[in-house]
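Colleague: Here you go, one structure.
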């Protein structure tokens, strides 16, 4: 019986998106710009799976520090996104075979971002005295700006971004983690009709500006996908096991998930992934999201941190390869870009890498994929699930 291992390097785009100009992202290239800004970038194991060549096929240029003719042990491709947005939810859903062909609701105003009637209902339902923020911001900046005031007043911090999100930051100790989660559940309910993809709980600790730190107790409250993902169909049709490591379960609104494994940070995410692969039986999908590439490095525009994170992942990749059985299929991919050299702090519209490894995967270029949904269709075919509506199987 077969297993599929999906490693989602959150935000690890490889440039080249033909519609990037529509998003203000023409020229954005997460991998390419990391490579060009680093005096050295050593990713030999990802390179052997075709990362550099996938990037070259994507944008026409081999990233710095990569070889034109590496020793290939896996198949490689790049994929275009057909979903209307460049957000986490759209990318993950499309990868699972359900592209987002509608427009998410947004809060476009930089200040006073949320409608007053919505805020009034939230305040009344939650029994809070008010709120701080109500603006666009990156998570770390707003903590420095409003964290101390939040601790003094007890008012939660509301903020958003270019994505379809309503984010709430609150101190774990002075506000309380459960209080934050309960508030997020109220907001999720009140957002009905606004078509907002996620409410995100952003707990933090610390006692003064410059010392505040977000914790690993983040929680995403997503809407459910509009159709069955390959994960759901695998469970229903094949009685399969789907193991979520990290925030995968939250992104799919806990649909199509058999087991949830919490982990924080690249090291723990990799450790937990290895544990689950070791213990997983046949007929299993292990799906891990390495969120730190996005949250810690991409949004914070930390080129060096992103590069070091990639090198850490690459160093540990052989541990995963050694655990693979003859009938296992490994897919390493991303959900969007977040170029750490780009202006602002938002995601960037880019192609994603699709790196595949397994006994049945030819070591060659596997094509320019017209949708992320080709990944979901590949998983469906490999595991004997009925075909998805979107996508073409890669192998």
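Using the three backbone atoms N, Cα and C, a Cβ is placed for every residue, glycine included.
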Colleague: Which one, 254, 347, is listed by Swiss-Prot in the same Mn(2+) 2 site as 294, 299?
Modeller: 347
Colleague: Does anything in the same chain, at least 6 positions from residue 335 (Mn(2+) 1 binding site), have a Cβ under 8 Å from its Cβ, and if so what?
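Modeller: Looking at Cβ-Cβ distances below 8 Å from residue 335 (Mn(2+) 1 binding site), excluding near sequence neighbours, one finds 8, 10, 11, 88, 90, 91, 92, 95, 352, 372.
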Colleague: What's the CA-CA gap between residue 299 (Mn(2+) 2 binding site) and residue 336 (Mn(2+) 1 binding site) in angstrom, rounded?
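Modeller: Rounded to the nearest whole number, the Cα-Cα distance is 12 Å.
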Colleague: Can you count the other CB atoms that lie within 10 A of the CB of residue 10 (Mn(2+) 1 binding site)?
Modeller: 25
Colleague: Other residues near the Mn(2+) 2 site, CB within 8 A of the CB centroid of 294, 299, 347?
Modeller: 10, 11, 88, 295, 298, 336, 338, 345, 346
Colleague: Rank the binding-site residues 299, 336, 347 by how many other Cβ atoms lie within 10 Å of each Cβ and give me the one with the fewest.
Modeller: 299
